[in-house]
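Asks: Below is the structure I would like to discuss, written out as structure tokens.
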Amino acid sequence: MESVERKSESSYLGMRNMQPEQRLSLDPPRLRSTPQDELHDLLCVGFGPASLAIAIALHDALDPRLNKSASNIHAQPKICFLERQKQFAWHSGMLVPGSKMQISFIKDLATLRDPRSSFTFLNYLHQKGRLIHFTNLSTFLPARLEFEDYMRWCAQQFSDVVAYGEEVVEVIPGKSDPSSSVVDFFTVRSRNVETGEISARRTRKVVIAIGGTAKMPSGLPQDPRIIHSSKYCTTLPALLKDKSKPYNIAVLGSGQSAAEIFHDLQKRYPNSRTTLIMRDSAMRPSDDSPFVNEIFNPERVDKFYSQSAAERQRSLLADKATNYSVVRLELIEEIYNDMYLQRVKNPDETQWQHRILPERKITRVEHHGPQSRMRIHLKSSKPESEGAANDVKETLEVDALMVATGYNRNAHERLLSKVQHLRPTGQDQWKPHRDYRVEMDPSKVSSEAGIWLQGCNERTHGLSDSLLSVLAVRGGEMVQSIFGEQLERAAVQGHQLRAML
């Protein structure tokens, strides 16, 4: 027994002493680049986590170790991803120091679909030489910085099929036979973000997965000092360069991002005055209790989709506390403790260095050039019917205003404006099926062509649609929906071959 233990220990030490670059790397990419002028099988607009999950699922479907029939797939899918950013990045503007993920690392881009995949978070740790060290953290919640690095590591495996720095501007229907009335491909036009050059690629199938765009309250002026939370870590340091200066900084919002920024500003600019402005009466904790968390289980999408529109809306409202305008309890407690210590020193809140102004809304912002501070006008967010006593009016003079008011998820409407006429008669908006393929008039569009939407289907697929929780499983569903017939043919061929042996 002792010799076995020593042998095991020796083997472990040998692996532990290997440098990360000596460890086994992933297999050669199973997705290969396609010449731009060729007709693609699939073109994905955007290469964030949603598209990355599709790439991983397709890679795994072509891996004979995971899919016995993969060796019968003779033609590699012709696929390309177009991404506006110059490299893979996930919420780079909100990689706040010390911030952690809000979901388990098991909900990575592969594990829930197939834990044997090479693209699991645990394999990432193994390849980086940190697996044993991570276990010592005793947590399921990695640092947000590390999880972004995990996704970047995954993305690097697909560099051959991603065109970075390409912003898609429109999708145009096309016909191989000009005399035909049926669309059988799409032309995706993109602009190079550096040169402005326009490129065009033809594809049978299109996935739109461009994520959200910054939502800014109406009435806020265009000013470089008014910054959306998505650009906090990338833009504010360049604007307020001297960390020792006594800046005045305001944050608008009551959700996780607003709370993280408000908390981080106090460390980043220790001599500054910070103010958190919110419509709500208080920060509210997110509900991540086990039973409630089951709404993010991948199989719950089926149940949600099968409901009527009215039932879906009721479900969204009932589950709002899991995701919208809520903050993790641990952070709320930290912020409250900081506020309390100020109260110990001075009971007059107006004199505090860091303040929270609940039940307020911004009515207007005066800005008279970069040399003078912006003036923010506030009033009560309560309905006027509740009395004039609540009509508090205040002004703040600030060097910067961080706006953490969420995201819009309707950018696909603009990209697909030239395809709208292909919707069924009387349909005034895109209607995704359960497999995320949008409904089109079959008399106008070939069954070989299609468009899929990702991350903008909350009203039909539930709260998890724009979140990481379902991406591993959904990536597999997308591959099945797009390439299912090809994969099934390969499976049949495999069964026939084995039957002959």
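Cβ from N, Cα, C; glycine included.
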Asks: For the substrate site that Swiss-Prot gives with K107, N293, E294, I295, F296, S469, which of N67, N136, N323 also belongs there?
Replies: N323
Asks: Can you match one of R279, R300, R343 to the NADP(+) site that Swiss-Prot gives for S254, G255, Q256, S257, N323, Y324, S325?
Replies: R279
Asks: With Swiss-Prot as the source, which of 1-31, 435-465 is set down as region 'Disordered'?
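Replies: Swiss-Prot lists region 'Disordered' for residues 1-31.
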Asks: Record says E83, R84, Q85, K86, Q87, F88, A89, W90, H91, V168, S466, L467, L468 bind FAD. Source is Swiss-Prot. Which of Q102, Q480 does it list for that same site?
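Replies: The candidate from Q102, Q480 that Swiss-Prot ties to FAD along with E83, R84, Q85, K86, Q87, F88, A89, W90, H91, V168, S466, L467, L468 is Q102.
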Asks: On a simple 10 Å Cβ count over all chains shown, which one of the binding-site residues Q256, N293, S325 is most densely packed?
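Replies: Checking each of Q256, N293, S325, the winner is Q256.
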Asks: Pull out the binding-site residues from the set Q85, V168, S254, G255, L467 whose C-alpha sits within 10 Å of the C-alpha of N293 (substrate binding site).
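Replies: Final answer: none.
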Asks: Looking at the binding-site residues listed here (H91, G255, Q256), whose Cα lies nearest to that of K107 (substrate binding site)?
Replies: H91
Asks: I need the nearest neighbour of S257 (NADP(+) binding site) among the binding-site residues Q87, A89, E294, F296, using C-alpha distances.
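Replies: Its closest listed neighbour, by Cα, is A89.
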Asks: Sorry to bug you, but what's the C-alpha spacing from N323 (substrate binding site) to Q256 (NADP(+) binding site), rounded to the closest Å?
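Replies: Cα to Cα, Q256 (NADP(+) binding site) and N323 (substrate binding site) are separated by 9 Å.
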Asks: Taking each of H91, F296, N323, L467 in turn, which of these binding-site residues have a Cα lying within 10 angstroms of the Cα of G255 (NADP(+) binding site)?
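Replies: Correct set: N323.
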Asks: Select the most exposed residue of F296, Y324, where exposure means the fewest other Cβ atoms within 10 Å, treating these as the binding-site residues.
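Replies: Checked F296, Y324; of these binding-site residues, fewest Cβ neighbours within 10 Å: Y324.
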